[in-house]
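What follows is a short report on a single structure.
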Amino acid sequence: MYMEKLMRLIEMTPLLLLLFLPFAFAGHDYNQALSKSILFFEAQRSGYLPHNQRVTWRANSGLNDGKASGVDLVGGYYDAGDNVKFGLPMAFTITMMSWSIIEYGKQMGANGELGHAMEAVKWGTDYLIKAHPEPYVLYGEVGDGNSDHYCWQRPEDMTTDRHAYKIDPSNPGSDLAGETAAAMAAASIVFRRSNPAYSTELLRHAYQLFEFADKYRGKYDSSITVAQKYYRSISGYNDELLWAAAWLYQASNNEYYFNYLGKNGDSMGGTGWAMTEFGWDVKYAGVQTLVAKFLMQGKAGLHAPVFERYHQKAEYFMCSLIGKGGRNIQKTPGGLIFRQRWNNMQFVTSASFLATVYSDYLAASRGSLKCAAGNVAPSELLSFAKSQVDYILGDNPRATSYMVGYGNNFPRQVHHRASSIVSFKVDPKFVACRQGYATWYSRKASDPNVLTGAIVGGPDAYDNFADERDNYEQTEPATYNNAPLLGILARLGGGHGGYNQLLPVVVPAPNPVVAKPKPAPKPKFTPTPATSSNPITIEQKMTTSWNAKGKTYYRYSTIVTNKSYKTLKDLKLSISKLYGPLWGLSKSGNSYGFPTWLNSLPAGKSIEFVYIHSTSPADISVSSYNLA
């Protein structure tokens, strides 16, 4: 039974939740979330950190990368919670960050974050330029996942093998070279106005990499075999070749790449694969979305029949997201896209990004989405993307924010080496390979360094989540989780602004922008003057509902407020007619009190607890308390 499974899993990982009004019901601050999500990339930096580094608990690392191979590979990003630099997901991260800026750079500029976002892209492309020292040579990995995972060390202390692995004509990797070409091409658009010389350099690398990928075909993990266990290219390389061609056409307007999409769309699967996922491995839905954009721009020409087939597959993907297609994507009871248990959130952010841009493409062309269940307005796609982001930020059955550092209830034991070990700047004493596991990995306490902005792997198929460092499937973050989220958050925080997404792209220069002060969010529950007769108030609200196994479940949020002028202690609540799990309180006998880590509630403050069951609200009343 669904509720029995939910109860069993919840009992293993009780949720302790403290929220202070007015935040609790003020809605989400997408601009703040955007700022944090960009900041995460600074924690992932490898190499010599710059003077303006804002994540100050990190220090220089990987300073000899590439040296043994006679090439400078210092820099770039660690992909997740380890200290390896994997080329395929890093390139995809840069492509998606660039796409976010291309579509929503104006909104980022208004928020004062465009400069930071462009710096995040450039940190990656500077490395990719180094990794491409010759036209037909590309370094695709530094470090080895097996030896790296054997150790639990800060990046600053690494003693693991830092071998550099490359592809070349004898050992090809069309998927890796293609994705890197896409990243370079997309980034060239980002810097076209603010740094034209750098933009031209990026486009030159993109041309060479595409030629390399197309001329010497093969899967990269057949050449860089150490990557197979971690980033196996299951989809092959045809999707990356089409993806790179789409980005090169958008960056250059060169008809060669336009014709490549038209001539190869059918044979390479661009028009054939009906997708329900998009990510670092499978790019077909991204290609189909871009080509649909070209079609809406009126650019199809002689390739119109082929481009229309791309377009139909793009719409298939979008319809599957909102549950109105022929084969719909799975969702959790709380409404989150669910693809797999291991780092499911990567698929949530990538798919939601495509829904966001496609919504704006449709709106600009005054079109609608044609699904098996009927026509759908563009706004419904954007509402879907918003629902996914809101879930990530805390609107979910657990009331958990899956962005570290956002809200009050977020993961504290992140599966991340640098975050979980005391900062090198606080204690530079060397942490040995296995010592890190004994001293830090197994430590049942919050991380000493908050990995602000990181999007962790997220909950399982039933919305359950265990905040434990060894639960790498759910608590490990990744750069490609965050990259697509930048665009969605900018769009939600900055609105549409009357910008036509089908017009030629011009990314503004990142001039410093002082964001206008925002008025304080208004709480849904306005505090009333304290009186001797009602020093404690209880207010309940149903925040979401869903259907499972033919039954409707409701999530109720309950706010207990101390409206006296004294500190509230020894609170005892009586709760009856409760038929499901409850989080945020501790139970003693037949009554409920503060969670174990909270002894009192200051004057004017509130706590929130939540529960789920399949009927009307439970009866909740105050049994006893003390004011001191």
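A Cβ is built for glycine as well, from the same backbone N, Cα and C atoms used for every other residue.
Automatic prediction, not curation, is the source of TrEMBL annotations.
What TrEMBL records for 1-26 is signal peptide.
Taking all protein chains in view, 24 other C-beta atoms sit within 10 angstroms of the C-beta of His415 (active site). The annotation active site is assigned in TrEMBL to His415 (among others).
As annotated by TrEMBL, active site applies to Asp467 (among others). Of all Cβ atoms in the protein chains displayed, 19 besides its own lie within 10 Å of the Cβ of Asp467 (active site).
The feature active site is assigned by TrEMBL to Glu476 (among others). Glu476 (active site) has a Cβ environment of 22 other Cβ atoms inside 10 Å.
The domain 'Carbohydrate binding' annotation in TrEMBL covers 536-616.
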Per-residue pLDDT averaged over the domain 'Carbohydrate binding' (536-616), given as an integer: 85
Tally of residues which DSSP labels helix, strand or coil - the domain 'Carbohydrate binding' (536-616): 0 helix, 52 strand, 29 coil
Distance [Cα-Cα, Å, rounded] between Asp467 (active site) and His415 (active site): 9
